[in-house]
Amino acid sequence: MKLKRFLLRYYPPGIILEYEKGGEMKTKSIDLLDLTPSTDIDTLVEEIRRAEPLVTVSRIQQVKYLIVRLQEKLSQQDDHKFYLFKVLRAHILPLTNVAFNKSGSSFITGSYDRTCKVWDTASGEELHTLEGHRNVVYAIAFNNPYGDKIATGSFDKTCKLWSAETGKCYHTFRGHTAEIVCLSFNPQSTLVATGSMDTTAKLWDVQTGEEAVTLTGHSAEIISLSFNTTGDRIITGSFDHTVSVWDVGSGRRVNTLIGHRGEISSAQFNWDCSLIATGSMDKTCMLWDALNGKCVATLTGHEDEVLDVCFDYTGQLIATASADGTARVYSAATKKCTAKLEGHESEISKICFNAQGSRILTGSADKTARLWDSHTGQCLQVLEGHTDEIFSCAFNYEGTTVITGSKDNTCRIWR
């Protein structure tokens, strides 16, 4: 068995091993959820070496280096104040989504103007305009952690695969009969998943451009999908009030998560693939056992629709964003609300953690984004200046740069 290389995944509290077995690329995760700034690295590495035969003596230094990097990240002070670095008059119509590559060196913006643009984060310069779609470019993603490809999903019913370096279009994936509204690369970057208003999701082969499998079974539009960190499962959230768990290899439906009384807005796995969080128009977030599909908790408290949910990167905290203008943080262990984020004057459509899990970013229809302490719920900063609602926002991996995308046709870089 040939071990090809180690990867530090895009949002890891752990290390991903990538290796070749029988000519096929495989991945395995080593979770480091208990890592602290004071953990003894030599002892930890020895434990990993004993438990994981893939970690040979020649790889020890590499593992040690990655763990030191993670440890440094954990001990960084979090008193960073953001200032507006640049306003990008990005598109001639409103933005739909923004996303960073793994290193944070570049990011992409999708728009109603039918294009996706690639930007250099350091300078704010436009690197490429990805043209070719015939309708709104709604869903966009880098194939992190590699960052050399971009997928764009459009209301024109197609998904396109592009080179992040040159802007060249590799493939156009055709087959959906309605708008594509969500997409994702698998962690190995061998597949792109697309979710559509036609009630199906499809998996596409990145190499050949061929359709690998169609996931059928929902009775209404699919508006959310997400791979787990090993890439063997994918979940789809639908307007039919259910979330389906699928086996990626066979396309077989493994579980249906039934319990919400409203349309699903968001669905996500935690890092170790043991839990699934789902947000719904029924004002709740539900937590599910990813293996058996049973509901383990219903997280209540919001007075209006839950529009977005996310785990922190260790899977210990869950954050919810709501149309009631508030966000909440819950403990995955106790299922209790640990913080209420209050201050926005309108609905919050987007929420995300920084890589350390110490900060939360929210984007709202009140034209502001806000930065919060995820443990106390205190608002640390209001990012103001957009002249219309903020649809999308993101941290870079280091947590030192934020991008916000708005209906005002601009994107702002904050650092």
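Each position is counted from 1, following the chain as shown.
Glycine is treated like the rest: Cβ placed from N, Cα and C.
On a predicted model such as this, the values are computed, not experimentally measured, just so you know.
Listed features, source TrEMBL:
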{"type": "REPEAT", "residues": "88-129", "note": "repeat 'WD'"}
{"type": "REPEAT", "residues": "130-172", "note": "repeat 'WD'"}
{"type": "REPEAT", "residues": "173-214", "note": "repeat 'WD'"}
{"type": "REPEAT", "residues": "215-256", "note": "repeat 'WD'"}
{"type": "REPEAT", "residues": "257-298", "note": "repeat 'WD'"}
{"type": "REPEAT", "residues": "299-340", "note": "repeat 'WD'"}
{"type": "REPEAT", "residues": "341-382", "note": "repeat 'WD'"}
{"type": "REPEAT", "residues": "383-415", "note": "repeat 'WD'"}
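Outside the repeat 'WD' (215-256) by six or more residues, the chain places 9, 16, 27-29, 178, 181-188, 191, 193, 195-203, 262-269, 271-273, 276, 278, 280, 282, 288, 290, 292-293 with a CB less than 8 A from a CB of the stretch. Beyond the repeat 'WD' (257-298), the same-chain residues lying 6 or more positions past its ends with a Cβ under 8 Å from any Cβ of the stretch are 11-14, 29, 31, 33, 220, 223-230, 233, 235-245, 304-311, 313-315, 318, 320-322, 330, 332, 335. Using a Cβ-Cβ cut-off under 8 Å and counting only residues 6 or more beyond its ends in the same chain, the repeat 'WD' (173-214) has close neighbours at 9, 16, 18, 25, 27, 135-136, 138-144, 146, 149, 151, 153-155, 157-161, 220-227, 229-231, 234, 236, 238, 240, 246, 248, 250-251.
Summarised as a single figure, the pLDDT of the repeat 'WD' (383-415) averages 95. Cβ atoms under 8 Å from those of the repeat 'WD' (299-340) belong to residues 11-13, 33, 262, 265-272, 274-275, 277-287, 346-353, 355-357, 360, 362, 364, 366, 372-377 of the same chain, restricted to positions at least 6 beyond its ends. Residues 10-11, 76, 78, 80, 82-100, 102-104, 107, 109, 111, 119, 121, 124, 346, 349-350, 352-356, 359, 361-371 of the same chain lie 6 or more positions beyond the ends of the repeat 'WD' (383-415) yet place their CB under 8 Å from a CB of it. Same-chain neighbours of the repeat 'WD' (88-129): 10, 135-142, 144-147, 150, 152, 154, 162, 164, 166-167, 388, 391-398, 400-401, 403-413, counting only residues six or more beyond its ends whose CB sits under 8 Å from a CB of the stretch.
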